[in-house]
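The next block holds one structure in the form of structure tokens; read it before the comments.
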């Protein structure tokens, strides 16, 4: 059903507790002149006496930074877009340092309760909020641990329920959704409406009504599209919580990254680099788009929360206070919450069981048979189909029923960067993934070892592929081959029948071309590797070797132990059933399918020379059958990638063409090739295919070669 949710009215209000709204207060004057003077002297070595014109210029810049707001002055950053003296200034720190340090007095109707103002950075600039849960996601004090205060609540029979704010002589603006008045489970945003300005000697009194919407537990069993609402744990973007305001803020961040390559400094949580003054000038040029978030461009999935609190102004009164000469002129705002007499309740009209029962009854009424009879009849008809056609029908049905959903697209974007064919990649070329170090650049350093990973980190390679398999005692070991013959020259042909203690001290760099440089190199445990790579901000492709349960369990546990892996790691395998098992247990893991041709007819497939060591090469008939199996596999593996919900495919370079890359791009799947080691091949992948590739050597990489030339020139200059 497309509309399975009904909203009903509840009126048993006499026993209700109602949550007071959050209030966010923002000062109109946000610059302390004396502090601003000191900052100008500290940052630019300019004083009012030494250069009055330059002083006023920088003072205007500080006011621009401190008074920032999506709705007022963002466009004015254009004045500073070509000024290198303000380019690398920490704008958030500057806004904090010059802001007035003033405490607003608060009086509550509940005299036994206390509240504290929390400094937050909003889309209206630096403000203060109280009685808010979601202030955590705008909390400014990084050095202070977030401590959630108990929310103010009023019982229906409590009598008056109010908060009075005495701002002394300070002028504040109050935002509708917290001094903007808003739900404690949301934030003030660029589209929030302020309740008005309160001037000295004025008293503002507003009565608020609240409409609370609750949701039955079974509503969550529906998809967000069906129920048209989201729960707090169904977040969108980098912030691990959901509200309509947080969703819009995440959308603006994403749009800012797309247009300008950075996020506004007042959005302190989010993906991407923080804008400097030059970036803010770009944000100012696109401010209308960022505020309005056009549907055809932004494509933001922002819908209401399933359980929410909506506050509406009922009456508003502004009066002039008559102060005596001895009393200080004060601006007072009082917010009254009127006790509600109804609330709304979301529930499911028809659950899946109800739907089947209704369909069964309807079918029996009009057809004269139950739904079960209809299903049995359908199965009987399928059995009458010609052999093969019935299997095909059931296979298609099973495919759609059992396939795994795709992970969060933001995690895929964070791992692989912008698609090289998009406009975002042109604006942010440094974020485009081009080279992935295959086995940690295994031709330059012993593959799948800490030495190889350190080699890559030292050369600013921040994307590595590694292979994982298990030992007999359940340890996850980084190793590509089943045995150690190729790496050590020994006759150990299967590490899965050996314990970790038996293999951990074997030198696996004994046969490496650079063995003189890398001596006594040992196998590496999976946990050690990911801790090192995550600590150095290196993304990774985890290639699962084998199909034993220890590896599958270990991969899933690793993601649970290290949550940052979700946005920094891809799990791949040649066996789609292994990937399916992993992703059915944790669908948030980003998956990829690896593919090589001739997997049935050839025992080995070298990355450089292709297939060799054919299976049953002395039996042409049997070998032909295996070649036919290869042809079937070349078609079926594409379906398996969709079935597993793969976000990427890793193909052997020999079968990749521009049309192949375009095919996967058209269905939203990233395409990468292995192993691309020759310089000319790398240029072809970069310039023509515009797709990432796995390389076993970093030699011939334009970025690495340029870095080496710079280092060489630096050494020569020092000499």
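Any Cβ shown, glycine's included, is placed from N, Cα and C.
Unlike curated entries, TrEMBL annotations are predicted automatically.
In TrEMBL, the feature transmembrane segment is placed on 378-401, out of the ranges 378-401, 402-425, 426-449. Feature transmembrane segment, per TrEMBL, maps to range 348-372 of the set 298-322, 323-347, 348-372. If you average pLDDT over the domain 'GP-PDE' (433-709) in this model, you get 88.
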